[in-house]
Ligand code: 5AD
Ligand code: SF4
């Protein structure tokens, strides 16, 4: 028997790419994964195009593999993900050693593409096929896996925020059928998964159909998942404020398995900038929404995305963003310096000076870090359920997460991965908590 070939996948960007990388590795059946590119027969970069830096990283990473390819010309190199979608054949022109370019909507065709590159040809596929790639992918293997998993339920975006490439790289909003999601979720649970994070670029716009013609919104899908025995925790990300429906807000108050954490990007606190970003919500509508969500689930931890230095952002606009961050009291934040993306409307507009944007980013990040720590500190002394994910750095230590997604380290913990146990929080350090098991 020949030993399996080796595949090295490097994943950039969002959680959706993490999920796609898993599925691509599964689709390439004759391969087993390796952590070292030097051992690989195929190197696949699953790329992100959201900001300029992310895309540039791909080219510099490819440059690093050049000596490997020169030494072993039969090593195959592929680029997948959003840079592949956006740049297509341009990647092969810029880096002729690339054998394969596959977009995020066509990776179910990887086996045929791999067969083609093995004959020495190049393979390029950046179609948006009408057929559902998930239906054409191989059934997921049955091997045991860790206690948490991502599950893509929705892809694409119809919102067209003026700064964002996603509607161009990932295409229009599409929801996967309900039954397939439920089958995949049951299968994950059978393999040891206790927590599923439902993924979508605009996950709360999910609108799927069942084989019997029935329809389901994200809230209805969550209630169906809630019935799966052994599935203990449900999360979803990323959401647009305008798609936070009443039933979804209500689910946060009534569905025990739905965790008290919500990632709800606001991007800016200035109405002028929000309008120019084409966000189609205002500062006030966002604040009112947060109020309604907190009425349903008072302890929910709100996380956000923020962009500084969007074209025409003034000091006052920036002050408005800092102000909304204080008002909402975000428990977690991801902040970015605006990066003009080719083909997006904002890319045509005059840019804020780089030094000004840098200073704003620093100021905003300091505020978020302060708030994040203050909220984490409120966990001290509380008893919380922790889902244990993996051993910690020290002998006998385990690391898990609370419902609020804070990492917790517990010493002298003999519980296995996947166990959920009550933990008393005794210490709050920079990016995590420490706790001890509560003896029942
Ligand atoms: N520049 C900077 N940040 C961006 N994001 C999306 N596009 C850009 C861009 N052109 C950020 C947004 C989004 C997150 C995933 O990335 O905050 O919510
Ligand atoms: Fe991009 Fe806006 Fe769609 Fe989010 S909602 S993916 S930021 S266009």
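Just so you know, glycine gets a Cβ as well, placed from its N, Cα and C.
TrEMBL entries are annotated by machine, without manual review.
Summarising the annotation, TrEMBL assigns [4Fe-4S] cluster 1 binding site to 14, 48, 82. As annotated by TrEMBL, [4Fe-4S] cluster 2 binding site applies to 157, 161, 164. The domain 'MTTase N-terminal' annotation in TrEMBL covers 5-119. Annotation comment: TrEMBL describes 143-374 as domain 'Radical SAM core'. Annotation comment: TrEMBL describes 377-439 as domain 'TRAM'.
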Once DSSP output is merged into helix, strand and coil, residue 82 ([4Fe-4S] cluster 1 binding site) belongs to helix
Among 48, 82, 157, 161, 164, which binding-site residues lie by ligand 1, judged by Cβ under 6 Å to any atom?
164
Between residue 161 ([4Fe-4S] cluster 2 binding site) and residue 14 ([4Fe-4S] cluster 1 binding site), what is the CA-CA distance rounded to a whole number of Å?
18
Would you kindly give the Cα-Cα distance separating residue 82 ([4Fe-4S] cluster 1 binding site) and residue 157 ([4Fe-4S] cluster 2 binding site), rounded to the nearest Å?
13
14, 48, 82 excluded, remaining Cβ within 8 Å of their centroid ([4Fe-4S] cluster 1)
12, 13, 16, 17, 47, 49, 50, 54, 81, 169
Rounded to a whole number of Å, the separation of the Cα atoms of residue 164 ([4Fe-4S] cluster 2 binding site) and residue 14 ([4Fe-4S] cluster 1 binding site) comes to 14
The DSSP breakdown of the domain 'MTTase N-terminal' (5-119) into helix, strand and coil residues is 60 helix, 24 strand, 31 coil
Can you go through the binding-site residues 14, 48, 82, 164 and pick out those with a C-beta less than 6 angstroms from ligand 2?
164
